[in-house]
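Noted in Swiss-Prot for the protein shown:
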type    : residues                       : note
BINDING : Gly156, Gly158, Lys159, Thr160 : ATP binding site
REGION  : 1-73                           : region 'Domain I, interacts with DnaA modulators'
REGION  : 73-108                         : region 'Domain II'
REGION  : 109-331                        : region 'Domain III, AAA+ region'
REGION  : 332-457                        : region 'Domain IV, binds dsDNA'
Amino acid sequence: MANNYQTLYDSAIKRIPYDLISDQAYAILQNAKTHKVCDGVLYIIVANAFEKSIINGNFINIISKYLSEEFKKENIVNFEFIIDNEKLLINSNFLIKETNIKNRFNFSDELLRYNFNNLVISNFNQKAIKAIENLFSNNYDNSSMCNPLFLFGKVGVGKTHIVAAAGNRFANSNPNLKIYYYEGQDFFRKFCSASLKGTSYVEEFKKEIASADLLIFEDIQNIQSRDSTAELFFNIFNDIKLNGGKIILTSDRTPNELNGFHNRIISRLASGLQCKISQPDKNEAIKIINNWFEFKKKYQITDEAKEYIAEGFHTDIRQMIGNLKQICFWADNDTNKDLIITKDYVIECSVENEIPLNIVVKKQFKPEQIIEIVAKELNIKTDLIKSSIRKNNIVWARDIVCYILKNKLNLTLTDIGKLLNGREHTTISHSISKVQKILDDENSQEALQINLIINKF
């Protein structure tokens, strides 16, 4: 059926008279590929956001007319052009046009701009996206399992973008339902303001938020150790759950690490699904940079510059985006209108404007150097790591080496096996998984020891 859609699409494009659309638009249409039909909409993939804007800007009505004529027997009358990054969103039913905002409360203009169309989805955040999909599912078992949804991760990994996009998607899909957004400090300030006015104002504040069909509460850790504020939240939480509402929470730590809360509150927070949003790696950061510049077509930036920025800031998306804004500001005010942003340009502007970007590019290590350093840190001989000896301390060192070679040098399992005297794929994969599982428990002694070693590279 997919091939049939492409054939019908190609036929429709050939029928469009040349004088109705530009040569550029026609070339874009010729290279476009049909993706899938969902809810009566045929999604068509173009190369990038710039091409998408050209088609949607001036020619969409003409194109839709000819497509509708060709697809009328298929009962398809709506057509949407998307970019490759949006395919997963289509598959998850997450690509929703942002329209009505009347059912969103306490959403800033910035929050309203967040959506899944401009979010890079990769390994570091994919589980969170899937969890949100389950929370919003019509399947009661899937939805209740994820309610409340507790997303945790370090500062700057994109938690706000994800939950705001989720709120906007839910609002557009459910125009008659109410969505509330609160950040911990903001909730505390408004509670204090209501308290000063009297008990009735506190009750009204509570009643308003408790009426939410979806409550998004960020940085829950900011109300720990504030007993009256936490108690109010506890009551709101219970009311929303009793009324069949949904709750998404974020924090920089897991529920069990929120030591300032009473146990009954921690128990409620952990009663649904917990999902970690990891820090993106360098390659994922480059994807984010590419996506960011995709929507800012007037800038040209070299791959070397992207790698330089990603290397320095791939663990903190927020800081990285801040640096991109700073760099684009310099480019906007440069007298060279044909400017290409290079690595050297970024460094020169940083020095000239006395605004350090704090990009620290770490030394590149060779595989043998990594093996030597790990051996030294763990006080064993280098050749023992490559040996077949199965003593616990040697296996431990070997596991760490496998993890670092994979995650720092991006070596294949085959390459790692060759370095370690022909070890099999399954053995290498098991070592990497074992270390990752330890690292997921960030506060364990083993994780702390591994991180001390990893941070040397």
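For all residues, glycine too, the Cβ spot is worked out from N, Cα and C.
What you see is a predicted model, and the numbers here were worked out from it, not measured in a lab.
Remark: secondary structure over the region 'Domain I, interacts with DnaA modulators' (1-73) totals 51 helix, 12 strand, 10 coil, with classes taken from DSSP. In the three-state DSSP scheme, Gly158 (ATP binding site) is classed as coil. Within 8 Å of the centroid defined by the CB atoms of Gly156, Gly158, Lys159, Thr160, the record's ATP site, lie the Cβ atoms of Gly153, Val155, Val157, His161, Ile162, Ile277, Ile317, Arg318, excluding the listed residues themselves. For the region 'Domain II' (73-108), the model's pLDDT averages out at 70. Listed in sequence order, the residues of the same chain lying 6 or more apart from Thr160 (ATP binding site) and placing their CB within less than 8 Å of its CB are Leu111, Tyr114, Glu218, Thr250. For the binding-site residues Gly156, Gly158, the ranking by surrounding Cβ atoms (within 10 Å, all protein chains) places Gly158 first.
Within its own chain, Lys159 (ATP binding site) has Leu151, Gly153, Glu218, Thr250, Ile277 as residues 6 or more apart in sequence whose C-beta sits under 8 angstroms from its own. Secondary structure counts, DSSP: the region 'Domain IV, binds dsDNA' (332-457) has 76 helix, 1 strand, 49 coil.
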